[in-house]
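Undergrad: First, the structure itself, so that you have it in front of you.
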Amino acid sequence: MLQEYSPLLHSNSSSFRRNHASSNPLSDITGASFSQTISIPEENKSKRFCIGISSTLVLSLGGLIVGYGLGYSSPASADLSKSPLNAIIFPLFSSLYNLGGAIGSLLTLATLNRLGRKFSLYLSLILFQIGWLLIAIVPKNPYSLIAGRVVSGLGMGICTTVTPTYLAEISPPKYRGFYCSFFQFFIALGILVVYSLGACLGTLTHHGIIKDTRYLSADNYVYLALFIVLVITIQSILLFYLYPSPYWLLFKSLHAKAYKVFSYYWGYSNEASIEISQVVGRVRYIGPNQIRTLLLPEVFAPCLVGCGIMFFQQFTGINALVFYESSILQTSLLKYELSGNVASIPPALVQVIFTIIASLCVDKIGRKKLLILASIGMGFSMAILTVYEVFVTYPNLYLDCTLSGNALVDSIQCQLLGWTAIASICIFNAAFALGWGPVPWIVVAEITNVRWKNLTMGVIVFVSWFSAFIVTLIFPYYKDLVYSFGVFSTFFIFNILSIIFVVILLPETRKKNLIEIENFFGSKAFPFFRF
């Protein structure tokens with residue numbers, strides 16, 4: 001039987017059993033054959049909290065790698081769109097990361113339960129490492145660049161499927177939203193890091209500090225790729241010391257170890273006992289991943305809601321801004337001698353700050369309220385950007401503005417208009433970070449059926465990254481067809497639709513355990529999803 005190895009779990013398992021005597025009160029509930037009582041006294045809450053935070057940080061490093069890849073195209077566009085990729089192929093290069101993510105999410109159908117959460121994350125790290133090394137080591141070959149982008153995308157698909165699941169399964173219900181929001185925080189941090197490094201490398205290259213040598217290329221995208229290789233290596237080492245998922249241990253009938261992991265993270269043996277008693281009956285048999293399983297009400301309902309959430313997360317406009325923020329802001333810089341990479345840093349910083357705020361609010365305010373407030377803010381931002389792009393497209397028609405290269409110049413009105421665009425992007429990033437950034441990853445990890453989590457999470461994350469692939473692929477061509485104001489007005493409409501979706505179909509999952517949520521979707525509370 002394959003077991004997820006953890007030195008913490010194996011080093012003292014025998015002493016753990018020896019130190020707790022008498023008969024086991026959980027044996028009737030779980031079917032486990034224990035000869036000793038497993039009774040862990042209540043631990044110091046701050047110690048449990050520190051344990052949870054440290055484990056969450058290690059797992060969330062994968063989010064930094066994901067975010068780094070999402071933002072990579074923006075600072076790398078100046079070099080890649082000229083050579084070796086031309087301006088026509090570059091949008092495909094940008095979107096292939098998301099396509100790889102869609103395919104990678106489907107790989108978890110086979111790995112999530114068979115290999116476990118921990119080994120599945122190691123698989124994603126291997127794919128990340130191969131992909132980024134292809135970009136860094138063979139930078140002048142367009143085929144190597146495209147292959148590296150796809151392979152790293154495969155790693156992203158696995159990582160974004162497994163990590164939210166892993167976090168949700170080790171988190172106490174009271175703090176699940178807080179712990180799970182770290183993943184999105186690190187995604188936002190990864191975007192900020194790659195923007196900042198791109199701006200720094202651009203400045204160093206501009207002043208001639210970085211020059212061509214015989215051994216190193218002066219192309220900035222190579223240095224950017226080498227940096228994330230180091231981060232991947234660090235997470236690979238730290239991940240070795242984490243406990244495996246307690247739910248996966250229950251799937252493998254390792255009840256004693258599962259109870260120990262629950263108690264390690266939660267600190268209260270009673271809560272661990274209740275969680276095991278609720279879960280073990282659901283996981284005695286895990287059948288094959290059959291498509292017809294999706295038609296079961298308790299599987300289909302949360303899967304459909306999760307797909308809808310992920311669809312709106314991508315089609316409200318975030319990926320279009322992330323991938324092409326530099327070029328959008330370049331038009332707004334006016335007479336100021338700032339590059340698009342430098343101007344992309346403030347919106348990314350805003351997203352990081354508001355993701356922290358969201359992590360503190362998600363378990364107090366609730367998931368639904370945050371999503372609705374976020375959609376309102378994002379829709380307002382898209383409306384402002386629509387008006388701005390009308391002025392940019394027809395400058396002489398509305399204001400005394402002229403275009404000089406890629407920048408609006410002349411009147412104070414035009415300068416204020418440009419800064420309004422930057423402010424609108426910051427508002428959008430703040431609203432997204434409050435709601436549609438972290439909350440969807442939290443909700444889909446909570447609502448997916450415990451028994452069929454590998455199937456439902458794989459499908460939901462596939463919808464997420466395939467939607468992102470469509471957005472990033474068609475954005476430049478759709479922009480040429482309807483102009484930028486047409487694109488932003490379309491995103492405005494999707495933000496309005498997202499409010500309707502959340503109000504009507506999304507249940508509030510705050511402070512509910514995973515079994516309670518599963519029972520809700522399987523009950524008559526969702527008659528719309530019954531056949």
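The backbone N, Cα and C atoms fix where each Cβ goes, and this holds for glycine too.
The model shown is predicted, which means the values in this text are computed figures rather than measured ones.
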Undergrad: Match it up for me: which of 150-170, 276-296 does TrEMBL list as transmembrane segment?
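TA: The listed stretch tagged transmembrane segment in TrEMBL is 150-170.
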Undergrad: Counting only pairs at least 6 apart in sequence, do the transmembrane segment (221-243) and the transmembrane segment (49-68) share 3+ Cβ pairs under 8 Å?
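TA: By the criterion, they touch.
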Undergrad: Per the 3+ Cβ pairs under 8 Å rule, pairs at least 6 apart in sequence, do the transmembrane segment (370-388) and the transmembrane segment (481-506) touch?
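TA: Yes; at least 3 Cβ pairs under 8 Å.
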Undergrad: Using a cut-off of under 8 Å between C-beta atoms, tell me which stretch among 88-112, 119-138, 299-324, 455-475, 481-506 contacts the transmembrane segment (416-443) the most.
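TA: Against the transmembrane segment (416-443), the leading stretch is 299-324.
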Undergrad: I'm a bit unsure how to read this: which one of 88-112, 119-138, 344-363, 455-475, 481-506 has the highest number of Cβ pairs shorter than 8 Å with the transmembrane segment (150-170)?
TA: 88-112
Undergrad: When you check the transmembrane segment (119-138) against the transmembrane segment (344-363), do you get at least 3 Cβ pairs under 8 Å, counting only pairs 6 or more apart in sequence?
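TA: Touching, no - the transmembrane segment (119-138) and the transmembrane segment (344-363) miss the threshold of 3 or more Cβ pairs under 8 Å.
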Undergrad: In the same chain, which residue numbers or ranges, 6 or more beyond the ends of the transmembrane segment (299-324), come under 8 angstroms Cβ to Cβ?
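TA: For the transmembrane segment (299-324), the nonlocal Cβ contacts are 70-71, 73-74, 94-95, 98, 191, 293, 347, 375, 378, 382, 425, 428-429, 432, 436-437, 440, 443-444, 447-449, 452, 455-456, 459-461, 463-464, 467-468, 470-472, 475-476, 487-488, 491, 494-495, 497-498, 501, 505-506, 517-518, 521-522, 526, 529.
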Undergrad: Please compute the mean pLDDT of the model over the domain 'Major facilitator superfamily (MFS) profile' (55-510).
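TA: Within the domain 'Major facilitator superfamily (MFS) profile' (55-510), the model's average pLDDT equals 79.
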